[in-house]
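Asker: This is the structure, below, for whatever I ask next.
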Amino acid sequence: MALHLTWVFGFGLLGNIISCLVCLSPLPTFYQICKKKTSEGFQSIPYVIALFSAMLWLFYTIFKKDTILLITINSFAFFMAIGYIVVYLFYATKKDKILTFKLLLLFNVFGFGLVCVLTLFLTQGHKRVQVLGWICMIFSICVFVAPLFIARKVIKTKSVEFMPFSLSFFLTLSALMWFFYGYLKKDQFVAIPNILGFILGLLQMLLYMIYRNPKKVVEVEPKLQLEISEHVVDLEKLGPTIFSEITIVIPKLNDSGNGFVEDQNAKRQAMEIMKAIDVVNKL
């Protein structure tokens, strides 16, 4: 029994450490936002969803016994998400601020309030824990499925710019730790969603390995193109008159045994071709 509890605590502790690193991963993004003083190009919904998820799990731990490790990591995620949202709102445009407030009202006020009311007044005891567990599990699965949109973008653009390998790796490792924690603790609501999280994490890393070295298209510099175009001769613009001055020779010895002679047949054919081109141009 003591060994079993040690394994549970070990996986839970590792899950906390790795999940904290995942929570800290957006810091470079927000450093850029603060540096540029604009949040343009970034969305607030991942942080609103992260806040909602942390709130649900914290509410779950109120009624579930012996969940100190779930409390610690979700408390950390809760405060980090609030910090990210505050910084985002500070630098967001008016349109993005309105959208973010709407999302907060939808998920974190109305959605969380509805969950609280339904579970507190319609359920009790073990049934309440079961209902909250299912809600948390379903929502966690939705959170794990969300990166599929990024995976779709990676396949479409053949670029892993928006899917860092380190983030995919730590998400996969975190899902593995929390799966073993839930499995050993016999908490299906923690274990089941992390199976999907582990599989999708492996998928993201596989996509990274496939598209990490995109094929580079060699582009000709405008200056080089200009230099080339300056040395191109347009035969259509030369016309038959100028073309008649061109001497076409073939490597045939003349009567004296040396030098070259002009090929009159080739010259005549070339003249006819240029006359035809000139007629077409006049049409």
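All positions are counted from 1 along the displayed chain.
Yeah, the Cβs are placed from backbone N, Cα and C, and that goes for glycine too.
Reproduced below are the annotations present in TrEMBL:
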type     : residues : note
TRANSMEM : 6-24     : transmembrane segment
TRANSMEM : 45-63    : transmembrane segment
TRANSMEM : 69-91    : transmembrane segment
TRANSMEM : 103-125  : transmembrane segment
TRANSMEM : 131-150  : transmembrane segment
TRANSMEM : 162-184  : transmembrane segment
TRANSMEM : 190-211  : transmembrane segment
Asker: Okay, the transmembrane segment (162-184) and the transmembrane segment (45-63): do they have at least three CB pairs under 8 Å, pairs separated by 6 or more?
Answerer: no
Asker: Out of 6-24, 69-91, 162-184, 190-211, which stretch touches the transmembrane segment (131-150) the most, going by CB pairs under 8 Å?
Answerer: 190-211
Asker: So what's near the transmembrane segment (103-125) in sequence-distant terms, Cβ-Cβ under 8 Å and 6+ beyond its ends?
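Answerer: Counting only partners 6 or more residues beyond its ends, the transmembrane segment (103-125) has Cβ contacts under 8 Å with 44-45, 48-49, 51-52, 55-56, 59, 85, 131-132, 135.
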